């Protein structure tokens, strides 16, 4: 009788252990499934954050270039490569540091994709006068083609336009004064074209 009870207890114990083991396996499976889902969710969030950071980094990398470009356009309106040029009323001007003849000065300006200055307004005359005080500078004015017919380098004449000749000029003294320069007083004077003086180049504002 005691042996039968013992045998029944053993069977009950074994059955309970199996059921408990199955429950433990199911719990482990659920935990693994939840862990996998959580890992997938975290990976998705991480990838999204990485993508957002990459986008922000690209923006930050491009911003300095834009900022530098904006800064350069404010500091050097005539272009970062034209820092020796001066801006005035929508155009750029170069005041030379060396002296040469009128024709050489004209060629120098053309090499810099510009031309000898054309003074066609009182405002521009004042700008040049202030900038060239006590020195002589070539301007883009000559009567080499026809004596007394003064023309700017762009082909326009001075008969109906602004002029600022010094009193008594142009006088063609010596019969070969065919090029004009700004006198030390800021007024214009005719002189022979081989005379060496400074010069002013002019060009449009870069687009």
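Every residue gets a Cβ built from N, Cα and C, even glycine.
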Transmembrane segment per Swiss-Prot, picked from 24-48, 49-73, is residues 24-48
Compared by Cα position, which of the disulfide-bonded residues 109, 179, 201 is the closest one to residue 78 (disulfide bond)?
201
Residue pair residue 193 (disulfide bond), residue 109 (disulfide bond) - Cα distance, angstrom, rounded:
16
